[in-house]
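Marked as ATP binding site by Swiss-Prot: G10, G11, E12, G13, A14, G15, K16, S17.
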Amino acid sequence: MSGRFITLEGGEGAGKSSNLVWLAEALRAEGKTVMVSREPGGTALAESIREVLLAPSNEVMADDTELLLVFAARAQHLEQKIRPALARGEWVLCDRFLDATWAYQGAGRGLDSAAIAALEALVIRDTRPDMTILFDVPVEVGMARAGKRAALDRIEQEDRAFFDRIRQCYLARAAQEPNRFRTVDASQPLESVQQQLARIVEEMQAWP
């Protein structure tokens, strides 16, 4: 029995993390065995890489270094956690995955798409999301929400133009792959967002 792989994507302040918990509980209520994880992270080694990636003290990090660290964390995450869970028939919910790399390192940093594609082929292979839920929010709203946090990490400290590029990349990818993406208006109040998610959960129940 094979499981299902669902990823949650979006810019800063989109509310992915809090709604990930709601979504996991909704699926468990339907009798699913759910594993929740995140990227970068998900394993002890990958979480250590996450700390390096996000530490404000590492502001001089080269963009290529950032890209390689992201894929190093992902390789460990896939091998140690995601693939075994899917093989057990579990539903894997992951806060960010490959689309985030195309948005942040590709569009945000302007890194070469051929380099990202080569690393994708090496690391991802055939482990692809069954569905990706995009939490879309205007950049100014997301930045205002993120700004309320105790301290901004290295990525959150980027400028408005950086996050504009990220949002446009996400929307473009959603338009290119409508069968995989479901876009949620994350600028709405939490109750409205969860109503949108409830409809997506209903759709998942129809999966064979």
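Every residue gets a Cβ built from N, Cα and C, even glycine.
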Taking each of the binding-site residues G10, G11, G13 in turn and counting other Cβ atoms within 10 Å of its Cβ, which one has the fewest?
G13
Any further residue of that chain within 8 Å (Cβ to the Cβ centroid of G10, G11, E12, G13, A14, G15, K16, S17) of the recorded ATP site:
F135, V137, G142, R145, A146, A186
If you draw a 10 Å sphere around the Cβ of S17 (ATP binding site), how many other Cβ atoms fall inside it, taking every protein chain shown into account?
13
Under 8 Å between C-beta atoms and at least six apart in sequence, can you list the same-chain neighbours of K16 (ATP binding site), or say none if there are none?
L8, E9, G10, D95, R96, F135
